[in-house]
Amino acid sequence: MFVASYLTFMTIGGFPSFVEDMKVFERERLNGHYGATAFVFGNTFSALPYLALISLIPGAIVYYLPGLHEGYQHFIYFVLLLFACMLLVESLMMIVASLVPNYLTGIITGAGIQGLMILGGGFFRLPNDLPHPFWKYPLYYIAFHKYAYQGMFKNEFEGLKFDNNLDGEQVLRDKWQLQMGYSKWVDLAILFGMVVFYRLVFLGIIKTVEKMKPVVKAFMSVPMKQTTQIMENPCATPPQEDKIFYQ
């Protein structure tokens, strides 16, 4: 839980670079170098090697020092799930950067979204104990931490045997209240599916902003109609006709 939450939460520190990427894209898009689709694909693939290193090196340190489940297959799954979380959070922050270009506001927004997801992910409060109106429906099911926690817990506890004829599957089902109807690989697939969805949302926002900018500029360039108001001053000198009348 700590690795899936803390390591991904630190991705917020890269928000200023996301804002700079958006500024560079806007300038190069105006010059006709490439379109929004090429930018999204290029931004995604250029980040893959760095995110892989960030997932592999800290993942290896965290996995082997406390002596987690032995076997290279479990370690590979652990690293893949970390990689999916890192890519997903970066996609989320790109969406925030496209909507909130200000550094401070964007960092606060991204931290607030992830903070809500962590609180509703099923660790600090078990899934059956979450309040239904907001924390269980819909936050628990749309928070990627739910699937990250489930995947890591299944990866560690499945196959283990404890005292009193207790096995890892019973711990996951009864103690952690996880959904055991599908395997840990389904949780990993859901995370990668959320990555694709977030990137498509990011692409849709960019295209929508491009189409709306000319409309907004045209609306702002329309001159406002000026109205002339005539105010009567009662202290002013009356006209000549009024003087004659008064006399």
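Glycine is treated like the rest: Cβ placed from N, Cα and C.
Of the candidate ranges 7-30, 103-126, TrEMBL annotates residues 103-126 with the feature transmembrane segment. Distant neighbours of the transmembrane segment (77-97): 3-4, 7-9, 11-12, 14-15, 18-19, 21-22, 43-44, 47-48, 51-52, 54-56, 58-60, 63, 68, 106, 109-110, 113-114, 144, 148, 151-152, 155, 184-185, 187-188, 191-192, 194-195, 198-199, 201-202, 205; these residues of the same chain sit at least 6 beyond its ends, with a Cβ under 8 Å from one of its Cβ atoms.
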